[in-house]
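Trainee: Pasting in a structure now, in C-alpha cells, and then I'll have a few things to ask.
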Amino acid sequence: MKKTLTSLALALSLLSPHLYAKNNVVVVATGGTIAGAGASSTNSATYTAAKVPVNDLLNAVPQIKDLANVSGIQALQIASENITDRELVALARQINDLVKKPDVNGIVITHGTDTLEETAFFLNLVIHTDKPIVIVGSMRPGTALSADGPLNLYNAVALASSDDAKGKGTLVMMNDSIFAARDVTKAINIHTNAFNSQWGALGTVVEGKTYWFRETTKRHNNTSEFNIEDIKTDTLPLVQIVYGSDNMLAQSYLALQQAGVKAIVNAGTGNGSVPKYIVPTLNQLQQQSIQIVRSSRVPQGFVVRNAEQPDDKYGWVAAHDLNPQKARLLTALALTKNADAKELQRMFYTY
Ligand code: ASP
C-alpha cells in the first residue's frame, strides 16, 4: 500500500512538478519596523527600527520552510525614511542580479513601511522579470504584543513562491492583502491595516494560499520601457516635491531650482490646483527646462489634464492618479531618457 502511494506521488510529481517541488525564495532584508525592537511588549509605536538581522527574522517564522526553500540576504539595515535614490538604485541592481539566477523563483524584500510604496513602484518600473517580487513590512516591531511582522512575512513568502503571482507586477503584501505597487499607499500611520489602494487590493493570502480578484492594467516589469540595466549612474536625476496649501511661497520652488532640480512635482490642492500667485514662478522654471508635474495632496481621485490649470498652454504635466512620491520616481526615470513634457505625460498615462 505504502509502495503504491509512493509511486502515485512520484507519478504526480512528474506530471505537475510545481505541486511537489518547493520554489526557492530569497528574502532581501533592508530594515524597517519588521526588523525593529522595542523595550517592552507594550511598546507598539516606540521602538528602534532596523535592529534584527535577516537570519533572526527568518528563524522567527520557521513555518516559511514549509512553503519554500528560503535563504536570506541583508542588503541594508535602515529605517526606510533614510533611503535615497542611491540606495534605491543599488537595491534595484541587487534584485536584478537575483531574478536573473535560474535557481531563484521569487523575491521577498522586508522593508520599512514609510517609503515601502516608493521602493515597490521603482522595482515595478525597472526590473524586467515575471518572477514575483514581493515587498513586505510591519507596523509593530517583533517584540510587541500581536506583532504583525511574522504573519506578513509568512504571507509574503507564500506569495513570492506561488506560481500564480508570476507576471502580476511587483507586489506589496500587508495585513493579508496583496496590492499592486503602482497604486498602493501607506494611508494609516499607526494601525496594522496601514496600506490601501484607491482601486482596491489585487487579492489576499489566507493560510498560505493566494486568492486573486483583480489585475493591474498598467505596464510594469517585463513590459516597462525602463530598465535598471540602462541606468549607468549611481543615482537619479534630481526631482523634488513641493506640498501645496494655502499661503504658499514662491521661494520654496526657487530654492529647489538653486539646488539643481530637473523637475518639481507639485503636490497641489484638490485637482492639482496651483495658486495664481505661484503660476508665474512655475512658468519661469518651466522655461528654464525644469519640468512641472501637477500631482495632488488628496489621496484619492486623479489629476485631470487641463482642468484647474492649462497644462497644454504651460507645457506642464498632469500626474494622473500617481501620488506625489510615485510621480517623483516616474519623473526621475523619464528624465534618464530625456523625456520632454509630452513624453512624460504619455508615461503618466501608461504606468
Ligand atoms: N520608520 C519605519 C520605517 O519606515 C516605520 C516602519 O517600518 O513601519 O522604516
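Glycine is treated like the rest: Cβ placed from N, Cα and C.
Annotations per TrEMBL:
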type	residues	note
ACT_SITE	T33	active site
ACT_SITE	T33	active site, O-isoaspartyl threonine intermediate
ACT_SITE	T113	active site
BINDING	S80, T113, D114	substrate binding site
DOMAIN	24-215	domain 'L-asparaginase N-terminal'
DOMAIN	239-348	domain 'Asparaginase/glutaminase C-terminal'
SIGNAL	1-21	signal peptide
Trainee: Taking the Cβ of D114 (substrate binding site) as reference, which residues of that chain separated by at least 6 in sequence fall under 8 Å from it?
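Mentor: Within the chain, D114 (substrate binding site) has Cβ neighbours under 8 Å at G32, A79, S80, E81, K186.
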Trainee: With every protein chain in view, what's the tally of Cβ atoms within 10 Å of the Cβ of S80 (substrate binding site), excluding that atom itself?
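Mentor: Cβ-Cβ neighbours of S80 (substrate binding site) within 10 Å number 23.
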Trainee: Tally of helix, strand and coil residues over the domain 'Asparaginase/glutaminase C-terminal' (239-348) according to DSSP?
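Mentor: Per DSSP, the residues of the domain 'Asparaginase/glutaminase C-terminal' (239-348) fall into 44 helix, 21 strand, 45 coil.
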Trainee: C-alpha of T33 (active site) to C-alpha of T113 (active site): distance in Å?
Mentor: 7
Trainee: What count of other C-beta atoms do you get within 10 angstroms of the C-beta of T33 (active site), across all chains shown?
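Mentor: Result for T33 (active site): 31 neighbouring Cβ atoms inside 10 Å.
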Trainee: Take the mean position of the Cβ atoms of S80, T113, D114, the recorded substrate site. Which other residues of that chain put their Cβ within 8 Å of it?
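Mentor: Everything else in range on the chain: G32, T33, A79, E81, H111, G112, T115, L116, G137, K186.
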Trainee: What is the number of other Cβ atoms found within 10 Å of the Cβ of T113 (active site)?
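Mentor: A 10 Å sphere around the Cβ of T113 (active site) contains 24 other Cβ atoms.
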